[in-house]
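According to TrEMBL, the features are:
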{"type": "COMPBIAS", "residues": "1-13", "note": "compositional bias 'Low complexity'"}
{"type": "REGION", "residues": "1-23", "note": "region 'Disordered'"}
{"type": "DOMAIN", "residues": "40-78", "note": "domain 'Sphingolipid delta4-desaturase N-terminal'"}
{"type": "TRANSMEM", "residues": "102-126", "note": "transmembrane segment"}
{"type": "TRANSMEM", "residues": "138-157", "note": "transmembrane segment"}
{"type": "TRANSMEM", "residues": "185-207", "note": "transmembrane segment"}
{"type": "TRANSMEM", "residues": "219-238", "note": "transmembrane segment"}
{"type": "TRANSMEM", "residues": "244-266", "note": "transmembrane segment"}
Amino acid sequence: MSSAVATTTVTSTQRGPKSHAIKPEQVLSGKETETVTAVDEHDRFFWTYTEEPHRTRRQAIIKAHPEVLKLCGPEPLTIPAVLAVVTLQIACAYALRNTAFLSWPFLLTGYVVGATANQNLFLAIHEISHNLAFKSPLANRLLAIVANLPIGIPYSASFRPYHLTHHKSLGVDGLDTDLPTALEAWFLDSVAGKAFFATFQILFYALRPMMVYKLPLTWIHALNVAVQLVFDYALVRFVGGKALAYFILSSFLAGSLHPVAGHFIAEHYVFGQQTRSKDPSQTPDVVKDAPAPMETYSYYGGLNFLTYNVGLHNEHHDFPAIPWTRLWKLNKIANEFYRDLPCHHSWVGVIWQFIMDREVGLYCRVKRKEGGRMQYFRLTLARLLTVKNIHNYVLFERSSPPGHQSRHDHNARQGTLDLHAENGQLAPREAGLADKFKRFARWDTPTILARANGEVVARLNEGGEADRPEIDRSALQTMLLASLPSGKIRWGAKVQEVRRDEKGSMAVEFDDGRVEAGFSLVVGADGAWSKTRRLVTGVKPRYFGMHYVTSRISARNPHYAQAAALIGKGTYMALGGEKMLMGQRLGDDSFFVGVGLHLPDTWDPKIELADATTFRAKLLEGQLKGFGEEQRNLVRWSEGECYSWPLWELPREALRWENVPGVTLIGDAAHLTVPSGEGVNVGMDDSLQLAQQIAEFGLDNLDCAAVEYEKLMFPRALAAAEDAEHSKTLWEPDSPRAFLEAASLSR
């Protein structure tokens, strides 16, 4: 589970820069959010709804060939290789010190020797950024600064974080700075435009990252700049300006129309005709469920010798910890994983095809959204502030704007919520969303409780007698997002820290180093791992010992009718042996499938769930072996990826605190519990109560509003924690009997 942070600011009319801030949560690892906006008409990239392919292939290779892990680790040969090329370039610069800049010896040397050498150094820095020269990270960074010297412009320190993000977030719009923007792709969508791009691509790669997001400056950046400037000054002072001009020319040509520059285009541009999804909000499911096009290509040609084998790019992305000298060994050991993948054999041919082929261009890149499941409480609070005529606020949200995610995978992660009439439904009603809520909600959603063998022991809420309708999490999120004025959410703003500044106001620092200050009140809705909570209590969540592993059954599944007969209109839960197997009908008539398992906190879903088919088989033959065949079929029939949701909770002592001026909490940040059906309702009530107090006390008395809100919230939080204790009986050995007894005692 990952937590994200957003902030809503409401500026006091009297206090000038002071603001009110609200922060939300992204409960699962950010990938899937419901479509609420259309894509720009010029956006014709290959939008995909799947994970990047390298993690899955890496796990499959490790499973088939565990010996490949022995290939990981530093390669000492990188060190003399770097020093040799740096020496060569300095020698060439010295030799050309008296040669005319535009003479053919100068230009030819720059193209043949200088560009090749500096591309080699670019890729040495690429190699070193993965800590593959020394064991010490600091030693690697210092070697990168040395490799940077003949390039003429300091860039090694900045390259490393941008490049590592490229690996972690391959194709993620707004994070992977290797991706061309829609404006670039549209403006350069012609033979002349692509020729211009290929000629000046080094400038695009140098400038684009700073336009996408900015890095915080650190001492290593300062050292990189200082060393480079001193070196450049000494070079000009003692050798002459033409020596530095040679370095700059070499760097430019290395990223221009040069054979070794072909790797920039060859690595991730899609070659060959594929089906594009122009507007994901309107794309038919047949396109959404189509496999993603190849997004990484290897090159198996002779120029790898001069470029640290960067052409073996699938191999490199699969195992970034394997150095250049051992990538061919990886290819040989795991050849069955690579031999059938599309690849290139000529970088010159890649450049030519990129420019001349009208079916290939800057649009030919695979993109995905970071996205994520956003918490509803801060969206509800923002909507309530709006209807109460409080408009000077903004939300800072870690995830990218929704609009490019598969609804099916989204539902496989999220399931449904039941909003209670006495608390959860009050906020939408006061927010003016009651009618829209009714369109999304489903009242006739009974719950069936069964033993592991399938024996039904209880049927609850049949006929919808309790006013607790179900609503898909995705539908609630969509409804709330659509109700907010445009421009109120700042997407991609990940909060690193919330603190009080020297003026006494609240300040919010983002992971890119930016700081926004002058907030009157910061309201944390950033979930389990709230950064705002640190200001009111040092108590951290504790692991409950359970994971939900979730998947889905679509309406097109050949076993859909059998699943529907078992699950019915609402929720089906089979309990036994301290485990749970659950199915829930969703608004699109697909089924959310969840399995509750006792797992250690060392259990790694990235490894265990990498191969969903293998995981299902292990689950059916292992922990679910005691369940009936009909119940186990829900797992057997489920489709696609499996997702993990570990359960955390706050101890009782963290559910009350002394008020801290400028700070308060709502939702899971305030009272995280294991699922009990009450968490979202209490969180929605938090939003309503806080909005009411802000409206009553006014923007000049936000601290008073927070104090009164907390007085109302603390008892509700303790009551929710008590309800959560009852829900824990779901995983007791004699459940569902223990759960039904606890439920009857709690009434």
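Residue numbering: from 1, along the chain as shown.
Placed from the backbone N, Cα and C atoms, the Cβ positions cover glycine too.
Where the transmembrane segment (219-238) meets the stretches 102-126, 138-157, 185-207, 244-266, the count of C-beta pairs under 8 angstroms peaks at 138-157. Stretch with the most C-beta contacts under 8 angstroms to the transmembrane segment (244-266), considering only 102-126, 138-157, 185-207: 102-126. Listed as Cβ neighbours of the transmembrane segment (138-157) (distance under 8 Å, sequence separation of 6 or more from its ends, same chain) are residues 78-79, 82-83, 85-86, 89-90, 93, 117-118, 121-122, 124-125, 128-129, 131-132, 206, 218, 220-221, 223-225, 227-229, 231-232, 244, 247-248, 250-251.
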